[in-house]
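To start, the structure under review is shown below, and the notes come after it.
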Amino acid sequence: MELNALIKKIESVDSYAREFLKKFEIKQEKGKFLFIAPGEDYREWLETIVNTFLEEEVRKLIEVKEKEEKKKVEIKDFLNPKYTLENFIVGEGNRLAYEVVKEALENLGSLYNPIFIYGSVGTGKTHLLQAAGNEAKKRGYRVIYSSADDFAQAMVEHLKKGTINEFRNMYKSVDLLLLDDVQFLSGKERTQIEFFHIFNTLYLLEKQIILASDRHPQKLDGVSDRLVSRFEGGILVEIELDNKTRFKIIKEKLKEFNLELRKEVIDYLLENTKNVREIEGKIKLIKLKGFEGLERKERKERDKLMQIVEFVANYYAVKVEDILSDKRNKRTSEARKIAMYLCRKVCSASLIEIARAFKRKDHTTVIHAIRSVEEEKKKDRKFKHLVGFLEKQAFDKIC
């Protein structure tokens, strides 16, 4: 029997059949006609007609199934509700990033895509990404926020469990993807391949992608050219904290911690902080121990860093002022990078604190020095033993 003849038989039983059958997907498989119903009601309607009104030989030609609904992908968004666009403090250095994100939220995926925000540590990138996520979620969009490091770790876990398709489907089902700390994709080749395919899928579906990094895409060493090219394919926005914005943030944080400080303390905070994390850390310490407690702690930390520099200078027989200068001879350069490394490992100093102690404008040099020491330790056993020896000596003598 041909399909047209079969349909006429069904239509002869029910006057509404012509309209109802338009809702079905009809396939011919293994000598049978498969009618795929869009829902339970349609399936029951056709089964009733087939089983009640059609002859046995015709019934054998028909199979009725209900359309299988795709399982809804469960999304863990990792958003912190404390970050909002309303409490993001806007100034000259971050206004463009803020405005671009706000505009993108009005036209997800079609106006600026991707958005790549870059700037130093603690300039508000995470706050802005989280705030964008919370705003989009409030409007009913599906959102995921993740750091590149967390993305990599989750991917590895899913590979081990054999559930990598679940991981891919979760990321590919969102309306807004927020990836923070993009610099941590560096050197992770398998992670980059996975992210590249997720990025492409979302981009082709016109879903919004917002990325944040501590450096411009061109400076992302160890990240593939094709990913860098994708990052540069949208809009690049630098984010900075100028003095006026930092002053606003200090005032806001003081309100948050219910503190009133005299002008000279606020001036001290302005002069001795570069980012939001430092501001928050120092205000917390003032709340706990008072301004004098903060001064004592910072003096002690600075002294420890200088003791590390002096210790390394003595070992390498170079001058402290040479380590703190821009001298580039081999001996001084090695002493400098090891001193920076020990300041981080032995004293747990922040990158910015180390940069300040070594009279550097930002922490990029410090990151490079620490990475250089770690890479050389992997390649050179003698160097590894030397660094281990100096680390133990510094810890015993200074900390």
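Here the Cβ of each residue, glycine as well, is placed from N, Cα and C on the backbone.
Swiss-Prot annotates Lys188, Arg190, Thr191 as ssDNA-binding residues; of Val156, Val174, the candidate listed for that same site is Val156. Candidate binding-site residues: Val156, Asp181, Lys188, Arg190, Thr191. Nearest to Lys125 (ATP binding site) by Cα distance: Asp181. Measuring Cα to Cα from Thr126 (ATP binding site), the binding-site residues that fall within 10 Å are Asp181, out of Asn94, Val156, Asp181, Lys188, Arg190, Thr191. Close to the recorded ssDNA site, the chain also has Ala152, Met155, Glu189, Gln192, Glu194: residues not among Val156, Lys188, Arg190, Thr191 whose Cβ is within 8 Å of the site's Cβ mean position. Within 10 Å of the C-beta of Val156 (ssDNA binding site) we count 15 further C-beta atoms, all protein chains included. The shortest Cα-Cα distance from Arg190 (ssDNA binding site) to any of the binding-site residues (Gly122, Asp180, Arg277) is found for Asp180.
DSSP gives Val156 (ssDNA binding site) a helix state.
Distances between the Cα of Arg277 (ATP binding site) and those of the binding-site residues Val156, Asp181, Lys188, Thr191 are shortest for Asp181.
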